[in-house]
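Take a look at what Swiss-Prot says about it:
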TRANSMEM  3-23  transmembrane segment
TRANSMEM  53-73  transmembrane segment
TRANSMEM  78-98  transmembrane segment
TRANSMEM  118-138  transmembrane segment
TRANSMEM  143-163  transmembrane segment
TRANSMEM  174-194  transmembrane segment
TRANSMEM  200-220  transmembrane segment
TRANSMEM  226-246  transmembrane segment
TRANSMEM  251-271  transmembrane segment
TRANSMEM  316-336  transmembrane segment
Amino acid sequence: MFLTLIAAIISFMVSAFTMPYFIKFYQLKKIGGQQMHEDVKQHLAKAGTPTMGGTVFLLVATAVSLLVSLFSIKNTQSLALISGILSIVVIYGIIGFLDDFLKIFKQINEGLTAKQKLALQLAGGLMFYFLHVSPSGISSINVFGYQLSLGIFYLFFVLFWVVGFSNAVNLTDGIDGLASISVVISLVTYGVIAYVQGQFDVLLLIGTMIGALLGFFCFNHKPAKVFMGDVGSLALGAMLAAISIALRQEWTLLIIGIVYVLETSSVMLQVSYFKYTKKKYGEGRRIFRMTPFHHHLELGGLSGKGKKWSEWQVDAFLWGVGSLASLLVLAILYVF
């Protein structure tokens, strides 16, 4: 526990110290920044804000985790577990980096196409499964203490879980500070679970990422001076999925990650309903003012018809939802 605390502090300090230099480099080179939705007018002023800040906190968290692990953990099984989780973080970080690079440096608006991104994510998920999950012999899901055996179909579950939550966190990263603190809340919860289980290797990894993310948040809160980009959000979502698998608490991510589930569900519902109503009535209709869900809140509160919410109000609401959901999971696991 003490080692985790030290690693978290080091990650925070290095991340917070390095980020201003990253921002300054971005500005000096006059690199194109984040593009904004025209429908949310209060976001237009953010156009050009440096992005790809996830590169910094991912490098910091990965480096600190590896260094501390190599010097303090002698158990080869623990090292393999840490390297397994870090591998999926790095792979998805590279995918996100490539997507951001194409958007910003090559001026390709959509970056990777949806098919290209999905293909790379599936390839990364397959590597994670065959190199780190399959050798462990895991083929079942822990659902409220009951082991649901999936056999070979566990492969498809892992792919769905990792790809799904990486994209879900990516959708959540739409306003200042929302994704970074939402992920911190999720990681703190998994940190408690790892501590109770005695999985201090996973706890170390969680602690370093929390520290690095908090260092990043110093510059990502409203008004944000930097965004994490796909390089950060895709990697963080994959990390949460991998941790839930490593701790054998896969089901908990549906509740701990309720914010990401809400954001993704809102997009899926909106698109499906729009297509259905367009086919039936000749014109597309919407359930939400705008998706993902945080934009709906910005444009008119919960009902979508009330006063506009500030980014701080949206952040506070969704952070609160995530915190309550996380407490519910801990209560289910250790109280009831």
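Every residue gets a Cβ built from N, Cα and C, even glycine.
Tell me about the surroundings of these features in the structure.
Long-range contacts of the transmembrane segment (3-23) within its own chain (CB-CB distance under 8 A, at least 6 residues past either end) are made by residues 50, 53, 55-57, 60-61, 64-65, 68, 72, 191, 200, 203-204, 206-216, 218-219, 225-226.
For the transmembrane segment (143-163), same-chain residues at least 6 beyond its ends with a Cβ under 8 Å from one of its own Cβ atoms are 88, 92, 118, 121-122, 124-126, 128-129, 133-134, 238, 241-242, 244-245, 250-251, 253, 332.
Listed by sequence, the residues of this chain that lie at least six past the ends of the transmembrane segment (174-194) yet keep a Cβ under 8 A from its Cβ atoms are 4, 43, 200, 202-203, 206-207, 209-210, 213-214, 216-217, 220-224, 228, 232-233, 236, 240, 243-244, 247, 249, 252-253, 256-257, 259-260, 292, 294-295, 298, 311, 314-315, 318-319, 322-323, 326, 329-330, 333.
Below 8 angstroms of C-beta separation, residues 19, 22-23, 26, 33-34, 49-55, 57-58, 81, 84-85, 88-93, 95-97, 99-100, 111, 121, 124, 128, 133, 138, 158, 161-162, 164-170, 172-173, 179-180, 183, 186-187, 190, 194, 199, 202, 205-206, 209, 213, 216, 219-220, 252-253, 256-257, 260 of the same chain, each at least six residues beyond the ends of the transmembrane segment (226-246), sit close to that stretch.
Sequence-distant contacts of the transmembrane segment (316-336) (same chain, six or more residues past either end, CB-CB distance under 8 Å): 144, 178, 181-182, 185-186, 188-189, 192-193, 196, 249, 252, 255-259, 262, 294, 297, 309.
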With the transmembrane segment (53-73) as the reference, which stretch in 118-138, 200-220, 251-271 has the largest tally of C-beta pairs below 8 Å?
200-220
Which sequence-distant residues neighbour the transmembrane segment (118-138)? Criterion: at least 6 residues beyond either end, Cβ under 8 Å.
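Sequence-remote neighbours of the transmembrane segment (118-138) are 80-81, 83-84, 87-88, 91-92, 95, 98, 112, 154-155, 158-159, 162-163, 166-167, 234, 238, 242, 245, 248.
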